[in-house]
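Step one of this worksheet: look at the structure below.
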Amino acid sequence: MSDISPDYPTLQSIGWPWPGPPEEAAWKAVFAAHPQALPARVVEQHRTGYVVADTPEASLKAESLPEWQRPRFPSHERAAVGDWVLMEGKRIVALLPRRTSIKRGAAGAHYHQQVIAANIDTVFIVCGLDADFNPRRIERYLLLVGGGGAQPVVVLTKADQTEHAEDALAVLEELEAQNIPLRALNAKDPASVAALRPWLGDGRTAVLVGSSGAGKSTLTNTLLGTEKMKTNGVRENDSRGRHTTTHRALIPLPSGACLIDTPGMRELKPTGEEDLAEGGFSDVEALAAQCRFNDCAHIAEPGCAVRAAIEADLLDPERVANYMKLRVEVASAAEKLATRVAQNNRGKGSGKRPASIDRPGRR
């Protein structure tokens, strides 16, 4: 890392959000508390630690904050790929506030949040046009993205391997009506992948999410113009992938953007902070507000605007069923979150360290 003042133009090339020093009060306060420290971005996250960078070409292994090593330290308060940190030599001394993020409820019975990526402009939700194609899973990803401040874009790969790409787009037309961009492409073809260029401009950061075998690593290699990321095929019987990406990593692209590739995720649990309207269901939520009863379950109640829309072929009944399922999951997670916050507030009086829950603002 450099021992002089920050080189902000170079930092901008890896996603620094301003042309000079930080302009947000919360960031200024952290800088003021660590006047000898320099900013860097987390570009890799491993079980054993982090790799950070302050230029597109140079990176180093970083020593994390001691409290991050404690087993009970909240995982979402540790640094994630895309986070900005302050460094003194090789030591991380502070985590800067997140401007955006995508999170999920971590696997297990106890309530935990896991940050998938931080300080991102765009989330590419990648799904293959083979047996991997699953509109319900796409909707689940959209729910996790909604409210986190980033722009979702649905990317349908393997368009060269099917004659039914237009049919798949038609299935998702209710999403496109909500201004959620959809792109069907061949992840191996640079001309086809150029459809993503509007979201990969200089200084912007995007993250790829999706199941194993969806084509995320292939897409990364095409955007890089080189075979940097290892790729494997998928099993022919079910089109399931083999986890070619094993850790999250931030990669500078020739376009000037940064791309975060992530391992495939089998479990996509809500955190309880999601907004269904912002998470791809604004049309269903708007109709639900017109139902005769405030607690309408949208099953057989009189005056149900949602059922009326289904019967008029204006809404996909399977999508509405998924909406209702996700609504229950979000409510359940919100109850667990409220319990956790209450426990933390009680911990303040007992001298225990409370675990805050970050809520990124929209950029």
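Yeah, the Cβs are placed from backbone N, Cα and C, and that goes for glycine too.
Residues or ranges marked as GTP binding site by Swiss-Prot: T157, K158, A159, D160, G210, S211, S212, G213, A214, G215, K216, S217, T218. What Swiss-Prot records for C291, C296, H298, C304 is Zn(2+) binding site. Annotation comment: Swiss-Prot describes 112-268 as domain 'CP-type G'. Marked as region 'Disordered' by Swiss-Prot: 340-363.
Positions of Swiss-Prot features highlighted on the structure.
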residue: T157; record: GTP binding site; CB count, 10 Å: 28
residue: A159; record: GTP binding site; CB count, 10 Å: 22
residue: G210; record: GTP binding site; CB count, 10 Å: 25
residue: S212; record: GTP binding site; CB count, 10 Å: 19
residue: K216; record: GTP binding site; CB count, 10 Å: 30
residue: T218; record: GTP binding site; CB count, 10 Å: 22
residue: C291; record: Zn(2+) binding site; CB count, 10 Å: 19
residue: C296; record: Zn(2+) binding site; CB count, 10 Å: 18
residue: H298; record: Zn(2+) binding site; CB count, 10 Å: 21
residue: C304; record: Zn(2+) binding site; CB count, 10 Å: 21
Quiz prompt | Minimum Cα separation from K216 (GTP binding site), reported as the residue among binding-site residues C291, C296, H298 that achieves it | solution = H298
Quiz item: For T157 (GTP binding site), which DSSP three-state class applies?
Solution: strand
Exercise. From the binding-site residues C291, C296, H298, C304, pick the residue whose C-alpha lies nearest to the C-alpha of G210 (GTP binding site).
Key: H298
Quiz item: Which are the residues of the chain, C291, C296, H298, C304 excluded, whose CB is within 8 A of where the CB atoms of the Zn(2+) site average out, their centroid?
Solution: A288, R292, F293, A297, I299, E301, G303, A305, V306, R307
Quiz prompt | Nearest recorded site to T157 (GTP binding site) by CA-CA distance, among binding-site residues C296, H298, C304 | solution = H298
Quiz item: How does the model score the domain 'CP-type G' (112-268) in terms of mean pLDDT?
Solution: 87
Exercise. Ten-angstrom check, please: count other Cβ atoms within 10 Å of the Cβ of A214 (GTP binding site), all chains counted.
Key: 29
Practice problem: Quick one: pull the CA-CA distance for T218 (GTP binding site) versus H298 (Zn(2+) binding site), whole Å only. | Solution: 41
